[in-house]
């Protein structure tokens, strides 16, 4: 028994002495419970909303205040023409719009309606947002009927206010419209970054990397040659996904195909740069896999907006999601492929990915230079 206790104490000593093991054993559960506890939520919060009201009457203000007072919607814009609503949707400034009739005070509930416009690139979220908005609008209008003494609201035979939805970009409510851009981002990230990092670390483990580095060939060419095969494989995967999406899943490419391919090439470049950076800071394939899983897989699935809406996350997680390359790529693909917007409407996402590429390449070059020295 004493020998058993001695071995247990020895094992505890080894574990406690290894900081990386302790980080994995203690740090990973903490990170996962925070991410899964706060980020995984199908509820909608802080939905950017616009109000279309030809005349901003007192009744419209009251209904708008009820909508804005809820935790689900944030009224950011009040406009007076449908063209402005379309512009806000195309610029991705809003996810939902409420269209009031020209004279809400004289609203005849049996003939006039309030319209809800929802961005349906994610059909499940669109239904949830529309349902929440319908409930709030009906309750607000019912309150107006009860508190207003005009005949328009006092007649008992009037039906409840009619609120109907119009789903933009995906009226058929096809789920493929949502998951195809997400799958594209996830596959390209995992193939480019994870496999590239493992490929280079494998050379380190076998000892052939040092042999290659002392050869007359430029070390930068050696590193880039490791990334080229995965670049080609990513292009093949991208082509396959697009073909299956269009001809099997009936997901159209509503926007410019060259723009979509150009953005995808940029994202592949960012992913390869991230994989090269991971390869420079790890020394074993196991370590590369662990770092890739912690830095790439889990954050990409949870914080990129592929499954869970970013606007429903706490503020700190929304900030962290800005560091996830897949977030910007998935958003860009949805807008180019599903919404059909021109490339100029996604300039912010493209600039962010370009900056990420520059930062990652610079960090990789410095880390690699230090290794050579």
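In case you wondered, yes, glycine gets a Cβ from its N, Cα and C as well.
Automatic prediction, not curation, is the source of TrEMBL annotations.
Residues annotated as domain 'ABC transmembrane type-2' in TrEMBL: 130-371.
What TrEMBL records for 21-40 (among others) is transmembrane segment.
According to TrEMBL, the feature transmembrane segment maps to 179-201 (among others). The list of residues near the transmembrane segment (179-201) in space but at least 6 beyond its ends in sequence, with Cβ under 8 angstroms from a Cβ of it, reads 209, 223, 226-227, 230-231, 233-234, 237-238, 241, 245, 249, 251, 264, 267-268, 271-272, 274-276, 278-279, 282-285, 287-289, 291-292, 296-297, 300-301, 304-307, 325-326, 329-330, 333-334, 337-338.
Within its own chain, the transmembrane segment (230-253) has Cβ neighbours under 8 Å at 174, 176-177, 180, 183-184, 187-188, 191-192, 195-196, 199, 260-261, 264, 268, 271-272, 275, 337-338, counting only residues six or more beyond its boundaries. What TrEMBL records for 230-253 (among others) is transmembrane segment.
According to TrEMBL, the transmembrane segment annotation covers 259-279 (among others).
Positions annotated as transmembrane segment by TrEMBL: 286-310 (among others).
Taken from TrEMBL, the feature transmembrane segment covers 345-365 (among others). Outside the transmembrane segment (345-365), and at least 6 residues removed from its termini, the chain residues within Cβ reach (under 8 Å) are 90-92, 220, 263, 266-267, 269-270, 273-274, 276-277, 280, 322, 325, 328-329, 331-332, 335-336.
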